[in-house]
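Engineer: So TrEMBL has the following annotated:
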type	residues	note
DOMAIN	261-366	domain 'ABC3 transporter permease C-terminal'
DOMAIN	653-769	domain 'ABC3 transporter permease C-terminal'
TRANSMEM	20-42	transmembrane segment
TRANSMEM	254-278	transmembrane segment
TRANSMEM	310-331	transmembrane segment
TRANSMEM	351-372	transmembrane segment
TRANSMEM	422-446	transmembrane segment
TRANSMEM	651-674	transmembrane segment
TRANSMEM	703-724	transmembrane segment
TRANSMEM	736-762	transmembrane segment
Amino acid sequence: MKIRILRKDFSRNKIITATLFVFIMLAAMLVSGAAHIVVTLFGSIDSLFTRSHAPHYVQMHAGELNQADIDAFASSNELVKDHQTVSMLGINGAYIYLGDNELSEAGSIVENSFVMQNHAFDYLLDTDSSIVQMEDGEIGVPIYHMKQYDLELGDSVRIVKDDFSKEFTIAAFVRDVQMNPSIVTSKRFLVSDNDWTALRDHMGEIEYLIEFRLHDPDRVHEFEAMYQASGLPQKDTALTYSLYQLLNGITDGIAAAVIMLISLLLIAIAALCLRFTLTATIEEDYREIGVMKAIGISSRDIRSLYMVKYVLLAVLASLSGWLISRLLGHLFTQNIALYMGLAPASVWNHIVPALGALLVGSAVVLYCRFVLRRFGRISAVEALREGVLQTGERGRQAFRLSRSSLGNVNLFLGIKAVFSRFSMYGVLCFVFTLCAFLMIVPFNFLNTIQSPDFVSYMGAGRSDIRIDLQQGEEMEQRFNQIDGYLRQDADVTKYASFVTAAYQAENAEGTYENIKVELGDFSVFPLQYVNGTAPATEDEIALSTMNAEELGKSVGDTLTVLAGEQERTLTVTGVYQDVTNGGKTAKGLLPYAPDQILWYVVNLEVADGVSVPDKIEEYHAAFSAVKITDMDDYVSQTLGGLIDQLSLSVVLAYGLGIAISILITAMFFHMLIAKEGAQIAIMRSLGLTAADLRVQYITRAMLVLLIGVVLGTAAAVTLGQGLAGALIPGISSMRFIIHPLASFIVSPLLLVAAVTGTMLCVSMSMNKQKLTLTAQ
């Protein structure tokens, strides 16, 4: 009997059943896909770190060091398993030419270093995840550059400075556990020992990576405190194993989170559709339910008759979604495969995505059981006497044609129908709200992070050009040269110089840890603060959100800082957002000694009408050994990998938003027109044409869509900002940089076009509506 009922129901409600199937299938596919990304990401990170023997603690240092002191510290520390000091030769991008590119890397924000293969740990791997060795004349190029410039094996890399020129052949593309992620702006090129020595003799600045592997990686913070108290070199950033894991996983992790958010919205939409469908089915079968109850069939048995359809639907749709996610799995994980390599598949690669699909199917079944509880409240006597479920609709008297200012009767009747039964149309309205939210949030998130104004989330004010001077023998001399040049440059309307110096700050445990403080005039290019303001005196300091959280400080608190040998108590005046340097930075006006300086930054703004690219070219000619960046490109170069991943999510979100609006509109109004068959027949007999009725139904759809789009847009720019900001470490409060055309015109128009087209197709069925009335 159940099979016969199923066949009859499927043949009678093809559109409704197909729509529900697609919603559940898409939700299962995306949940399974997001789970597949997460499992693959964790496995690939673990495999990359294991194969490369990643260091547990790394102290970057620019300047002189005594290797004997480091060796003595390591040998006397029981936590240390192994250690090494890696020499990196930093070469200015102006001297590097990749592939057939006639332009150098002068305009890139990437800091390029040339290294030899390590012998103890921290190995650079090829695309087969094997430790790679370079012969003389060969070079291993970072994956980032391969993707950025479409490089291939056998292409050339040229290093040219003055009379010195050396050409390398690309023999491998290397994965680097420390500098792999696109969000990390430092990259390591791998060359042979002989070639490295030849390059060092002609150019570059040496920077060191003092690396340690520990017996117990979980004690890395204990070791960090020991190292910082040792007096050993620490004139730059310190990095830990967990931070490397975070940096390697952040791009794909955010993509997985966005996909999971989309899938949760789909599940919510599927639940609303199920509720509407089940409610409509109960109304339609109300008399039959009363008959079954009257002859002694229990509510539980009646519920099981309806449940069998939705259990079967949930199982088939979830299974289909899981299978599709398996077939499309390579699309979800292609970025992971490129940058980290895919780890050998474990049992979890199969179980977790399947559990995700199973979770979706189970949620659907449980929700159906919840909705069908109302069978217990149906009275057999009431059902047989009334024949129709009483919905308690109200508000009909509020809409009278005689009081309406609308000249068109069909528009009036369409609007009246929506507000008279808004509890029913509210389901459709909420789905349209979710569709608008689904389309607008990922787009605004993408638009925000690729906007030049996103620099405010990178701890800097908005300017036209940024000049970076890294640690080196002539750094201060170059800085003074640039400062003098800018003072005389009539095209420059304003500029500000900043120096970042190393200090130590007292943490919540009462010990001191390294802190990088940027010093300068912060009023020239003001920064947006989450709380408070910029420091104005030597006794004030502003902290990035991550530093403030880690140090346990807020605006108005005091922070003890070691400036040289002197303790200074500073007042925290502001907290700002910064995703650079691991999110841990600070700003102040402290005095500093030359040996504390880590790097210089100069921001400048040019006059209207002055070409920024031409100005950058002029500065490159004048200062060939510094990094000069157009701030419009600074963000896109830093977050290029994340932008690529989010671009795919935006396309997915728009496609799903339009598809959902079409499916839900078709399902809703197909059921509604069938339910209102008698009413349609009455209106046709009174002389209304099919075109009149079509206007009424399209008016209903457009009114509900309008309300939904307004609510969805409002939610996107409020709730959406909080969701997006939570995805990026270092950002506690994000304000979308909204694209008005896309958010307020293109997205709504796409939904309007989709819904209107669907309504025209669905309303065609009214042409075939019979003009017969059946007496109840």
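Keep in mind that glycine also has a Cβ here, set from the backbone N, Cα and C atoms.
Since we're looking at a predicted model, the values are computed, not measured.
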Engineer: Taking a Cβ cut-off under 8 Å, which residues six or more beyond the ends of the transmembrane segment (310-331) line up next to it in the same chain?
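Structural biologist: Tertiary neighbours of the transmembrane segment (310-331) are 6, 17, 20-33, 36, 274, 278, 337, 353-354, 356-358, 360-362, 364-365, 368.
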Engineer: Any residues 6+ beyond the ends of the transmembrane segment (651-674) with a Cβ under 8 Å from its own?
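Structural biologist: Residues 13, 15-16, 19-20, 22-23, 26, 259, 262, 266, 269, 273, 276-277, 280, 427-428, 431-432, 434-436, 438-439, 441-443, 680, 697, 701, 705, 747, 750-751, 754-755, 757-759, 761-763, 765-766, 769.
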Engineer: Need a quick answer: max count of Cβ pairs under 8 Å to the transmembrane segment (20-42), which of 254-278, 351-372, 422-446, 703-724, 736-762 is it?
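Structural biologist: The stretch I would name here is 254-278.
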Engineer: Who are the chain neighbours of the transmembrane segment (703-724) in space, where the CB to CB distance is under 8 Å and they lie at least 6 residues beyond its ends?
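Structural biologist: Apart from its flanks, the transmembrane segment (703-724) reaches 261, 414-415, 418, 425, 428-437, 440-441, 444-445, 448, 661, 733-736, 738, 743-744, 747-748, 751-752, 755.
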Engineer: Which one, 254-278, 351-372, 422-446, has the most C-beta pairs under 8 Å toward the transmembrane segment (736-762)?
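Structural biologist: Between the stretches 254-278, 351-372, 422-446, 422-446 has the largest tally.
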Engineer: Give the nonlocal contacts of the transmembrane segment (254-278) in its own chain as ranges (CB under 8 Å, at least six residues past its ends).
Structural biologist: 16, 19-20, 23-24, 26-27, 30-31, 33-34, 37-38, 41, 306, 310, 332, 335, 360, 363-364, 367-368, 371-372, 424, 427-428, 430-431, 434-435, 437-438, 441-442, 445, 642, 645-646, 648-649, 652-653, 656, 660, 664, 667-668, 671, 723, 727-728
Engineer: Please list the DSSP helix, strand and coil residue counts for the domain 'ABC3 transporter permease C-terminal' (653-769).
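Structural biologist: Final tally across the stretch: 95 helix, 0 strand, 22 coil.
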Engineer: Could you tell me what the rest of the chain brings near the transmembrane segment (351-372), counting residues at least six beyond its ends with Cβ under 8 Å?
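Structural biologist: Tertiary neighbours of the transmembrane segment (351-372) are 24, 27-29, 31-36, 38-39, 263, 267, 270-271, 274-275, 278-279, 303, 306-307, 310-311, 313-315, 317-319, 321-322, 325-326.
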Engineer: Tell me, roughly as an integer, the mean pLDDT over the domain 'ABC3 transporter permease C-terminal' (653-769).
Structural biologist: 85
Engineer: Could you put numbers on the helix, strand and coil content of the domain 'ABC3 transporter permease C-terminal' (261-366), residue by residue per DSSP?
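Structural biologist: Here the numbers are 92 helix, 0 strand, 14 coil.
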